[in-house]
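Remarks on the structure that follows.
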Amino acid sequence: MGPGSQRALFLLLLLLASPGARAFQSCLNKQQLLTTIRQLQQLLKGQETRFTEGIRNMKSRLAALQNTVNKMTPDAPPVSCPALEAPPDGKKFGSKYLVDHEVYFTCNPGFQLVGPSSVVCLANGSWTGEQPRCRDISECSSQPCHNGGTCVEGINHYRCICPPGKTGNRCQHQTQAAAPDGGEAGDPAFSRAPRCAQVEREQHCSCEAGFHLSSTTGGHSVCQDVNECEIYGQKGRPRLCMHACVNTPGSYRCTCPSGYRILADGKSCEDVDECAGPQHMCPRGTTCINTGGGFQCVNPECPEGSGNISYVKTSPFQCERNPCPMDSRPCRHLPKTISFHYLSLPSKLKTPITLFRMATASIPGHPGPNSLRFGIVGGNSRGHFVMQRSDRQTGELILTQTLEGPQTLEVDVDMSEYLERSFQANHVSKVTIFVSRYDF
């Protein structure tokens, strides 16, 4: 039966099912109607067979596809590198061992890092470089004792034996001369007559607060000043003053070094912010940075240009590289931005402590880097710090060794941006740290 006959029979079936079917039936005799019905039944049966065959074929193909998928090699787990341990007498920063993650190392005070300060997990499941170690260093090699003092080596520490007339943990202070006659030892203000009374034929004497009863060579009683500064200055006793204690008749008072003010409690010292006032002492064109007990005048400069590479100062503390020529690959690998940061720290700060954070932010409508790498790339005291990633977009500069001032440290940290493992740009932050002489 051709396509035309099939369409005719289909229309005939519709007519038979319509309300006017009776009028149509009167035009055909019984034999003609039965023949037409049989033809329609055969047509429907053929359509049903082809439909069933199509369903069966589709099921067969799906089953074959499922078998193929089941036989495929399962997805490989993410590549990771072997776990690393902190070196003896050192510390490890970083606990993720996947590709492109970094792990950082530093040593405890008294030890020096030998080897790389950080390693990166490679795509082949190995670390870059060798795992570093910590080597014991001589505490006296830096000649910490001043004024001819003798350095005595200890385990992770040293002590200075000072010559006559010098004192302090590094022999840096002049000893106070003994009080001459008429000084504190002989000053009438530091010794007073006691209050005495006869009680049942016996004499009882007492002293006012801040004095204690003492006997003289003649057997007489006298009230002698209690030197609170000497008593509480002994090792193991709490400090009366944050800085210096001055003994006074019957009491004491606390003083602060230059650049600090005494607080209301009479014991604590607070740094004076010389930069807060409108009339600070920095010349025009410089910026005043407050430090512990003083201030610094700074005016950071951009790197000098070379050839077609140059920088422009966009703010007092930031430089930006001018656009690179299309064919200058070395230019693109130089820092895109250089920023300057200044920190003021007290001596003997407890470590480890985060000092500085470096981060990136994506511009709306522009794809940002999908990988960042942080590191320390310069400075004069790299061994005191470690740069560690804290999250996907942030790196932290961590102080790992205690600092003792006064001293000025510089450390340059770098943030490199990658897009699909292709280098995009890097940014450098130059951090200058002013360490105070004092621990407050």
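Placement of Cβ uses the backbone N, Cα and C atoms for every residue, glycine included.
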Query raised in the report: With the ranges 28-73, 74-119 to choose from, which does Swiss-Prot describe as coiled coil?
Result: 28-73
Query raised in the report: CYS151 pairs with which of CYS140, CYS162 in a disulfide, per Swiss-Prot?
Result: CYS140
Report summary line: Those disulfide-bonded residues from CYS145, CYS151, CYS302, CYS319 that fall inside 10 A of CYS162 (disulfide bond) by CA distance are CYS145, CYS151
Query - Same-chain residue ranges lying at least 6 outside the domain 'EGF-like 1' (136-172) that approach it to Cβ under 8 Å - result: 89, 108-112
Query raised in the report: Hey, how far is CYS245 (disulfide bond) from ASN124 (N-linked glycosylation site), Cα to Cα, in Å?
Result: 63
Query - Spatial neighbours of CYS151 (disulfide bond) that are distant in sequence (at least 6 apart) but have CB under 8 A - result: GLU139, CYS140, GLN143, PRO144, CYS145, TYR158, ARG159, CYS160
Report task. With DSSP as the reference, give the number of residues of the domain 'EGF-like 2' (225-270) in helix, strand and coil. Result -> 5 helix, 16 strand, 25 coil
Requested in this report: Compute the average pLDDT of the predicted model within the coiled coil (28-73).
Outcome: 85
Report summary line: Neighbouring CB atoms within 10 angstroms of the CB of CYS145 (disulfide bond), all protein chains considered, total 23
